[in-house]
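The structure appears below as structure tokens.
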Amino acid sequence: MTYLLAIDQGTTSSRAMLFREDLSVAAQAQQEVPQHFPASGWVEHDPEDIWATTLATCRAAMEKGGVTAREIAAIGISNQRETTVVWERASGKAIHRAIVWQDRRTADVCARLQADGHEPLIATRTGLIADPYFSGTKIAWILDAVPGARARAERGELLFGTVDCYLLWRLTGGAVHATDATNASRTLLFDIYAGAWDDDLLRLLRVPRAMLPRVRDCAAEFGTTLPDLLGGPIAVRGIAGDQQAATVGQACFAPGMMKSTYGTGCFALLNTGATAVASKNKLLTTIAYQLNGVRTYALEGSIFVAGSAVQWLRDGLHLIKTAHDSDDLAPLADATQAVYLVPAFVGLGAPYWNPRVRGALFGLTRNTGPAEFAQAALESVCYQTHDLWTAMRADWPDGVTQNAALRVDGGMAVSDWTMQRLADILNVTVDRPVIPETTALGAAYLAGLASGICPPPAEFAARWQLDRRFTPEMDEETRARKLTGWTRAVKGLLASED
């Protein structure tokens, strides 16, 4: 039997999943990745931790599955996007910790870009906005913060990569410095229409071109692993950023299809086909995937805090012991209390894009307790998704129909209570697939597609299987009241910054 090995390197953990030819799961392994918070709004990873946990989970998954390198047709990589690594070309050693996508240290730089009128250039080339979320300003920060780094980068001694690129470099022993179009599209440096690095943006953000990787299709020949890493050489044939990999794994190949992934954050992507829809509602225009040199575009809404709100209940407030406890508590909340959590722990993402505002709770009373906190945390994810859904329908009214279903995945998607509340708040059908690990599935499929062992997209889409469908049950009056309360809470928080 032939297998596919998927690497799913995320914000809080590294996971490896072994898939059979029919894309059923044979084995998996997962390890937590330590996070570092050196200052308020700063989030970092040690690149060595990323590498060590990735390699360890690949080996563990292969051992659990009883599979050797000879039986694996290809590796597919999905990764936390935007997270930035700069390393030495000669040694492979990172010159600074990886700056994570959640990190907000370059907020002032982005504010200056906006004030100086550069946002139209950024938007028309990249589909993005000037925000610390993206890689470009993170690269510039590292080059300025590490003594001598800028001069070394200009001499070609330093390389930049998102996590996929860094892992590919390590897997191939430094033989390949490459990424895919989806990851490139998240750097603030890539023209998503021309499909190339943009010299104007490189000059604007002061990033030397010599640092940048080559950009390839999502399903392509990326290189071969060193034989001693996994017991033999294995071809790497698929790469996509985690949210784009999930879009593929959810088989959202038709324009108008939408998926939303609920992990540390929440990321909703709407397939717009060959049309790159320019948002008028502060969404992002991005590359959904690129196959055979053809780009498919998407509208994306990025929410920085979803599952991490539940982590806050557990690790910050110590109200729960496990994430599942929030599911048990939320239904017990007092229905007469209107408690809202606006989880702007690292600012607000789409459609507000405010990196400076911080989180707040509204509607607390003397009777507010753990159940109300749990419900507010879970509902905050639903309300934020509603903000994205509303913006997407406004941006592309002809492409999104009211009866369109939302496909969901990620760790929070296993919560029946949250998914039912999501259907209620959005007033749309929410579909959860049989295989919840759609990010890894998408990476495996891309690798299999390039290997010739997976079917074309249309046939793969026909195999998508539904686990459970959640249909709206909330009455319109209750829904409207809840959404009005959320809108007031967000407006109150934004007003408090002024």
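Using N, Cα and C of the backbone, Cβ positions are placed for all residues, glycine too.
Every protein chain considered, the tally of other Cβ atoms within 10 Å of the Cβ of Thr11 (ADP binding site) stands at 22. Among the features that Swiss-Prot reports, ADP binding site is placed at Thr11, Arg15, Thr264, Gly307, Gly411, with the record citing sequence analysis.
Neighbour count (other Cβ atoms within 10 Å of the Cβ, all protein chains): 29 for Tyr133 (sn-glycerol 3-phosphate binding site). Per Swiss-Prot, sn-glycerol 3-phosphate binding site is recorded for Thr11, Arg81, Glu82, Tyr133, Asp242, and the stated evidence type is sequence analysis.
Look at Swiss-Prot and you will find Thr11, Thr12, Ser13, Thr264, Gly307, Gln311, Gly411 tagged as ATP binding site, backed by sequence analysis.
The feature glycerol binding site is assigned by Swiss-Prot to Arg81, Glu82, Tyr133, Asp242, Gln243, with sequence analysis given as support. In sequence order, Asp8, Gly10, Ser78, Asn79, Gln80, Arg81, Thr261, Gly263, Thr439 make up the list of same-chain residues 6 or more apart from Asp242 (sn-glycerol 3-phosphate binding site) whose Cβ falls under 8 Å from its Cβ.
For the binding site of ATP, formed by Thr11, Thr12, Ser13, Thr264, Gly307, Gln311, Gly411 according to the record, the largest Cα to Cα distance is 14 Å, rounded to a whole number.
For the glycerol site, whose annotated binding residues are Arg81, Glu82, Tyr133, Asp242, Gln243, the maximal Cα to Cα separation is 15 Å. Note: the Cα of Ser13 (ATP binding site) and the Cα of Tyr133 (sn-glycerol 3-phosphate binding site) are spaced 19 Å from each other. Closest to Arg15 (ADP binding site) by Cα-Cα distance, out of the binding-site residues Glu82, Tyr133, Gln243, Gln311, is Gln243. Fewest Cβ neighbours within 10 Å among the binding-site residues Gln243, Thr264, Gln311: this applies to Gln311.
Straight-line distance linking the Cα atoms of Gln243 (glycerol binding site) and Glu82 (sn-glycerol 3-phosphate binding site), rounded to a whole number, equals 11 Å.
What surrounds the glycerol site, by Cβ distance within 8 Å of the Cβ centroid and not counting Arg81, Glu82, Tyr133, Asp242, Gln243, is the set Gln80, Thr83, Trp101, Arg186, Gly241, Phe267, Ser302 from the same chain.
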